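As written in TrEMBL, here are the features:
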type: TRANSMEM; residues: 21-40; note: transmembrane segment
type: DOMAIN; residues: 21-84; note: domain 'P5A-ATPase transmembrane helical hairpin'
type: TRANSMEM; residues: 52-72; note: transmembrane segment
type: DOMAIN; residues: 276-406; note: domain 'P-type ATPase A'
type: TRANSMEM; residues: 422-440; note: transmembrane segment
type: REGION; residues: 858-953; note: region 'Disordered'
type: COMPBIAS; residues: 862-888; note: compositional bias 'Polar residues'
type: COMPBIAS; residues: 926-946; note: compositional bias 'Polar residues'
type: TRANSMEM; residues: 1016-1035; note: transmembrane segment
type: TRANSMEM; residues: 1047-1065; note: transmembrane segment
type: TRANSMEM; residues: 1077-1101; note: transmembrane segment
type: TRANSMEM; residues: 1158-1178; note: transmembrane segment
type: TRANSMEM; residues: 1198-1220; note: transmembrane segment
type: REGION; residues: 1223-1245; note: region 'Disordered'
């Protein structure tokens, strides 16, 4: 029975009940077979034939047992029976959503429901509590147990009413009024029930041993297949080759296991802080460990006071119901600016909590409290002066737990194009079966041949087309990119997205803080009586100055003012000071100070913020926000209101409307508790504050590079449409006249919109059927209200793909834009910050979160470990001194240099990776000086050492080349991603202050696609050639020598190692890589080159047979050197080298063959090696490989044929690259066609 699951990561589950061991399908059928063999086959057949029958039964039994380990579906079929009643089932098979893991069989657990407890999964819009009021549930009366399962550290509970599984409910979506009334668990019994339901607040996962992980790896299908191949070679007496292959397999698997153990050990170090907190239980405050917290607990949280007190880590996700706090969330989001957290006082009791929307009220687990202010007016008084908070989520359901889950389950093996690799192998097997069938037919026609040797050789031919190194090479393609990105300060928690980066055709960017700098410049104020910009603050009206000085969210942390750069620029512009006791005081003049009483923080869905303040003895409210939002709340609107703010938004300035009103006399407590809606109505206009938002120094250059490399560019911002269009033109996102979809003034019809130019000189009516034609001549811009109209009229998939700028969009609308682009078949990249853009970053194929932390300077030794240490140092520095990082944003734009040689505490800086600018990073002596001594021979000579001899210089060159290979690791293991490196916001996290990482990610993605493509082609051609050689040699009674097979394996491994470490070029090309293996270019290339290889092989083997003696070689005799053996082996090796050289894809994606020096030297060495073998220059070398001399001039003819083969393959390959270029989806005609096709599909549906 299949049961649906209401979850993003699990699609559905199937119910099973374990069979008794005796009745398992991998036991009793084989027991019968063994008994039948013992009774019938053993007495009647010859011992040899009986042994063959027994061997077949044993092999079948072993394969059956292995398949139960490899396939979850097969295991369920063999070991369990499907059931329909969940109360009968023992286990369930979890079928996850795409990219959310693999199928697993997990046990079902049952928990007795306590009297009065409400069951999980009753979707009435509210979360479920353990309380007396819950006892009226009908389900609770009918059912006395709760059934669920755990998958990837998430709990799922079955709902009898709805017949599906739901995630275990946490009290995170209650009404605000409910949270205010909470006093914690009233009795010990209730807390025990809650503990049984939610468990302890800990991160608990088993630490596997080396042996356990190694066993898991050795049970994988490809490893077993590799061992099986080794066994076949041993049966054919290739001992050296078999031992060499087996040792390499074990070595490679050991390195992967060691890396996974290291990653898991790093994660186990992260645990819930074992601090002691005051918790309100059973009507009194008690001390409890943070690991004993339960959802629904009321706790006192804050930074301890007193000398030497440190920031306290929040042990769980909590909602502030009393008091306020300042938290550092760098560990989760990477945002180094401290975040102000306020209580829910002032929120409507009937509103429901949304953690994403109301994050200003939530303290997230893993973050640090820098300072707090207790609420002295609430019903619950904390004994330690902390803030009152309600625990929302614990354990792996907290924000920190979710990030840990992402990192923990991303340590699984990563590959590219899994389904394509399976199809590709099937494609190769067809050719192998033809070759093996031909050999089998010819062999059976010859009665003198050994049937055992015949079947063994056919098995070798078939297995030769399934390359044992395939999984290793596929993981190298992805892991090499992961390592290269980690070196550039870019971390990836979802490696499967790397190939998507190579397929990206549309790049979306946030504006503020992403394309533009965080450093805002206050230009002045536009008052209501004119459109003139006043820069002199002495000419501002009193309400205007007071609004700018007080309506903000700035706070003091460790005696330093931190917060939004825009608000700091406004405070500086009016020449006022802000003090720690929340007072704004003028630096000059005799103006009255402003005391802030209450704040209503900025909310993206409201587009405004406000404060209640006292000036002298009068109360005022000051409001600022989007001009169109404030306009709706003014009592009187000036006729020039719209023209005034549009004039400056067209110039690219950011414009905020200021408003105020005087409040009636009241007590301070009443002013603090005023409803937000009441505060922000009936306002008087106080002017427009105008800010300049300068571009980042490299935004325009990066956008141009992306545009020139066949990518569509899109801006998605919450800013005003005119400002967005101006900035988009500056950074090359739009290059043609712009049109903005604007509601017709005074018309309420939902479809009454016009396309309006920024200067309002062009106005075209919006008609759904004319959108694509207008997009050919103009760059289109949509605002949030336009998106709502398109959603109502079902025109999203028509208009969004041809739109360049999206303005005034809320976070959920950003998410809608990305889902629509995906729905029409576009591969989208989204780049933004880790706070407001989380939904869009998660929806994009490639989401890139830019953190405020600056990347570490590139050290002299470019090893990953050194960079990791520097990255950790930078992270620690930003964590411990966030205010310093915030305050030094203007200094980040200046490049600095310093010597790396010095004592501890010296400062190391330099050009940052990817063109970003770095700030000083403290490095100790131990990490700097050894680096210099190891990698800088010139500095050694300057320090007095002797000049290097030519031999030493050559050694240095060789060492440098090997270092270049080693610095990227072995490629088998991805880099370890730690908490602090990754962000919960996006799969890719870049510790950069510019958008340059997007080009790095796309370059690596393209490199991965290209590397994967060339690996499939090379593996395919080599395996096909090997299968043919094995068949020809066997029919002629010839076989490879043991040493020959070993040399062949060494060459293959070396070449794959060298091509997999080819670096991508520094610039993106306009040409795109082929996105799929199955394309006309790839198939025709394979078939054409294989035909040339076969022709070459037949020609040289037929030529060799003319020189062979007339007597026939014994078909199943021991290996003996002969001319056909020598020629076949040499031809196969030359085909292998030619395949690597011809199918290597260099420019315009990766280094060329000459630039990839290790690969170039390997090819050159191979050419020299084969020339020496064919020319018989070193007889002892040929004898050691058991190669016979080639008669002349036949040896020179073979070289000539080889040169012709290489030239033919080269011409065929490059002709196909010219005839079948990759598709470029950024052409306007293609975009129009894809959008129209999508709309037509929707109509048919």
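Any Cβ shown, glycine's included, is placed from N, Cα and C.
For the domain 'P5A-ATPase transmembrane helical hairpin' (21-84), the number of residues in each DSSP class (helix H, G, I; strand E, B; coil) is 52 helix, 3 strand, 9 coil. Within the chain, the transmembrane segment (1016-1035) has long-range Cβ neighbours (under 8 A, six or more residues past its boundaries) at 420-421, 424, 427-428, 431-432, 435-436, 438-439, 442-443, 457, 460-462, 464-467, 469-470, 473, 1052, 1056, 1059, 1077, 1082, 1085-1086, 1089-1090, 1093-1094, 1097, 1101, 1124-1125, 1128-1129, 1131-1132, 1135-1136, 1139-1140, 1143. Taking residue pairs at least 6 apart in sequence, the transmembrane segment (21-40) and the transmembrane segment (1158-1178) share fewer than three C-beta contacts under 8 angstroms. For the domain 'P-type ATPase A' (276-406), residue counts in helix, strand and coil come to 21 helix, 48 strand, 62 coil, using DSSP. The transmembrane segment (1198-1220) shares the most Cβ pairs under 8 Å with 1077-1101, out of the stretches 21-40, 1047-1065, 1077-1101. Away from its own ends, the transmembrane segment (1047-1065) comes close to residues 241, 244-245, 248, 469, 473, 476-477, 480, 484, 964-965, 968, 971, 1003-1004, 1006-1007, 1011, 1014-1015, 1018, 1022, 1040, 1129, 1132-1133, 1136-1137, 1140, 1144, 1146-1151, 1156, 1158-1159, 1162, 1166, 1185 of its chain (Cβ-Cβ under 8 Å, at least six residues beyond either end).
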